Structure formats: structure tokens, C-alpha cells
Amino acid sequence: PWYMDDKMPDYLSEGEVIEKNLPHSWAQAHNTYNEMRADSANQCILISGESGAGKTEATKIVMKYLAQISCLRADAAAKEAGLQVGKKLASCSPILEAFGNAKTVRNDNSSR
């Protein structure tokens, strides 16, 4: 329930994410995005964990959030272009998984 799109607006705001929100992948993406804009410097989000912990899903969630937040201040044409990029990135995931995943003892579809 915490990854439902109707919860995302709680994290889409200027500045720091409101403290009432629970720790979340969206909060990390939000803070990283704000640091990138404030410092005009590249940023990196490292998603790690044991096999089956949800790294691939967390990556998809972060990518979707970044596509949304990057469109907030955009004009209509840029907003539409940004949303299309987000959709294209999401649609690439199954293709990348087909080449980069393998069955392991702990996970039938483990990302490599």
C-alpha cells in the first residue's frame, strides 16, 4: 500500500520531505533530486540488499518518482516529454531483466 500512486503526492514537494511521511524510497529519491538541483552536481542512489530483498522493485519505484518530480516545474511540452521518458524507462525493465537475470537457489528471477 505504500507504493500506491495516490501516496506519491505526499512526497512531491519543494525542499525536504515532510517529516510525517514514513521512510520510503520516494523520500530518498526526493532528497537526492533536491541535492542535485541545489548543488548542480551529479548524484547517485545505491540500492543494495540480499537476494530477493526487492532491489529491482525499489529501482523501478525510484525511477518512476524521479520522472514525476522532474516534471513538476516543467512547461506542458517538457512535462509530457518527461512522462514519456519515464514510461520508456519502465518499459525497458523486462527487456533488461531478460538479459541480466538468472535463476538462483534463492530467487527464480535474480538480477545480476
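A Cβ is built for glycine as well, from the same backbone N, Cα and C atoms used for every other residue.
Those TrEMBL annotations? Automatic predictions, nothing curated.
Within the same chain, the residues at least 6 positions away from GLY49 (ATP binding site) whose Cβ sits under 8 Å from its Cβ are LYS55, listed in sequence order. The annotation ATP binding site is assigned in TrEMBL to GLY49, GLU50, SER51, GLY52, ALA53, GLY54, LYS55, THR56.
Per TrEMBL, the feature domain 'Myosin motor' maps to 1-112.
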DSSP three-state assignment (helix, strand or coil) for GLU50 (ATP binding site):
coil
Mind checking which of SER51, THR56 has the fewest other CB atoms within 10 A of its CB? They're the binding-site residues.
SER51
